[in-house]
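**Q** Let me give you the structure first, and then I'll get to my questions.
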Amino acid sequence: MAAPVAVHLEFGGGAELLFDGVKEHHVTLPSQSEPWDMKQLLVWIQRNLLKERPELFVQGDTVRPGILVLINDADWELMGELDYQLLDQDNIVFISTLHGG
Amino acid sequence: MPVLCSSCSEKRAVLKRPKTGHSLCKACFFWAFEEEVHQTIVAAKLFRSGETVGIAASGGKDSTVLAHVMKLLNERHGYGLELMLISVDEGITGYRDDSLETVKRNQQQYELPLKIVSYEELYGWTMDAIVKQVGLKNNCTFCGVFRRQALDRGAIMLKVDKICTGHNADDVAETVLMNILRGDIARLRRCTAISTASEGDGVVPRCKPLKYAYEKEIVLYAYFKKLDYFSTECIYSPNAYRGYARTFLKDLESIRPSSIMDIIHSGENLSVREGVKMPVQGTCSRCGYISSQALCKSCVLLEGLNRGLPKLGIGKHHRLHGKILSQQPLTEHEQRKLKSVDF
């Protein structure tokens with residue numbers, strides 16, 4: 001049984017509007033037998049944090065194309081994307097690029 | 001197992017560049033991003049020493065990064081340019097007034113002069129008022145046309161030699177796709193040009209130093225450098241045609257990141273068969289701005305707004321331009337066609 005995992009989530013670039021405008025969220029993921037991975041985190045976020053328009057945040061299993069994900073300040077493409085296993089106190093940032101410049 | 005930077009092999013990599021697939025640390029990424037923009041500027045000979053350059057600033061991610069990088073490169077490489085910020089206030093409550101606050105902060109952060117031009121003072125119409133008359137389907141046409149001219153007017157008021165805009169690689173690729181989808185061969189040929197020619201009164205040449213910079217890198221550059229920018233979708237844009245091209249492009253990018261550069265490359269290398277009829281550049285008989293028709297688009301749209309005929313300028317009614325210019329009344333049938341608006 002893995003211990004509960006505390007993660008710090010940040011939403012930026014307009015993505016925060018889907019979460020009542022709140023940019024920072026400290027969440028504790030409940031303990032479960034398997035380690036938490038990003039794929040499960042996305043499902044959890046959709047169920048517990050997302051306030052509206054899920055299609056603007058997730059597409060299928062992953063984030064909508066145009067939303068950048070940083071894990072501990074590094075591109076999630078370098079960390080295994082959806083397969084990355086979360087560690088306690090990880091910092092995950094979701095930045096939307098889908099707006100005017 | 002942290003991935004090491006492929007450039008310096010010392011520090012932890014923080015991003016994987018979509019353009020090259022390389023993994024870079026923060027410092028190497030900043031350097032690569034900035035120097036690539038420098039190479040773009042030098043290779044295309046965008047500026048000459050001593051020129052005054054107006055940076056089109058909206059407070060958004062692209063123009064904020066553009067202002068930051070232009071100032072940095074101007075100092076680092078001694079371009080010898082005098083830089084200024086030009087901002088356009090379209091009169092969109094809740095969107096533009098907030099982003100203009102960001103531009104004012106940018107002005108102080110980068111210590112550059114700032115000029116704001118508004119649709120209200122130039123045309124007598126804010127976007128809020130236009131959308132009330134036109135609806136939410138074709139409003140972006142008005143905004144884009146008016147903004148293009150507004151930037152030129154602002155540039156002339158500031159006496160700048162050139163304008164530079166923050167259009168990035170994604171924007172250019174989307175424009176190529178849009179012009180293919182619409183079959184607009186004239187625009188398709190012009191849209192990948194990195195700078196416009198400087199013909200015509202009231203028109204200031206403009207260029208896109210960020211033309212080859214991926215949107216993802218611009219956002220990450222701004223994020224890691226903690227640059228201050230405004231990020232909300234314009235409230236009137238949900239039905240804009242560009243949205244479809246953007247969604248498609250983003251899906252392509254997730255499959256093959258080089259798609260964006262590839263589309264730009266294809267756009268640059270298109271050649272048009274001989275004998276294809278192209279519009280000829282002239283001037284507007286009313287205001288003197290460049291135009292391929294008797295009346296420039298801006299005048300046509302404005303006429304439509306002022307006469308309560310919102311569809312004038314949307315779709316092809318060129319034959320009516322002559323009637324409008326000579327102040328002849330329109331027939332009832334013509335009026336009806338131009339009045340109908342879908343919301």
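Positions of Cβ are set from backbone N, Cα and C atoms, glycine also.
Quick paste of what TrEMBL says about this protein:
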- B:53-246: domain 'tRNA(Ile)-lysidine/2-thiocytidine synthase N-terminal' (DOMAIN)
- B:Ala56, B:Ala57, B:Ser58, B:Asp62, B:Val88, B:Gly166, B:Asp171: ATP binding site (BINDING)
- B:282-312: domain 'Cytoplasmic tRNA 2-thiolation protein 1 C-terminal' (DOMAIN)
**Q** Check each of B:Ala57, B:Asp62, B:Val88 (the binding-site residues) against chain A and write down, in sequence order, those whose C-beta lies under 8 A from a C-beta there; write 'none' if there are none.
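**A** Going by the Cβ criterion (under 8 Å to chain A), the qualifying binding-site residues are B:Asp62.
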**Q** Can you see whether DSSP assigns B:Ser58 (ATP binding site) to helix, strand or coil?
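**A** Where B:Ser58 (ATP binding site) sits, the three-state DSSP reduction gives coil.
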**Q** Do you know the DSSP helix, strand and coil residue counts for the domain 'Cytoplasmic tRNA 2-thiolation protein 1 C-terminal' (B:282-312)?
**A** 10 helix, 4 strand, 17 coil
**Q** Which chain-mates of B:Ser58 (ATP binding site) that are at least 6 residues away have a CB under 8 A from its CB, listed by sequence?
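**A** Non-local contacts for B:Ser58 (ATP binding site): B:Ser87, B:Val88, B:Ser99, B:Val103, B:Gly166, B:Phe230.
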**Q** Where does B:Gly166 (ATP binding site) sit by DSSP, helix, strand or coil?
**A** coil
**Q** Other than its own, how many Cβ atoms are within 10 Å of the Cβ belonging to B:Asp171 (ATP binding site)?
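**A** Step by step: centre on the Cβ of B:Asp171 (ATP binding site), count other Cβ atoms within 10 Å, giving 24.
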**Q** Could you tell me which of these binding-site residues, B:Ala56, B:Ala57, B:Val88, has the greatest number of Cβ atoms within 10 Å of its own Cβ?
**A** B:Ala57
**Q** For B:Asp171 (ATP binding site), what is the secondary structure by DSSP, using just helix, strand and coil?
**A** helix
**Q** Over all pairs in B:Ala56, B:Ala57, B:Ser58, B:Asp62, B:Val88, B:Gly166, B:Asp171, the listed ATP binding residues, work out the largest Cα-Cα distance in Å.
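**A** Between the most distant Cα atoms of the ATP site, 19 Å.
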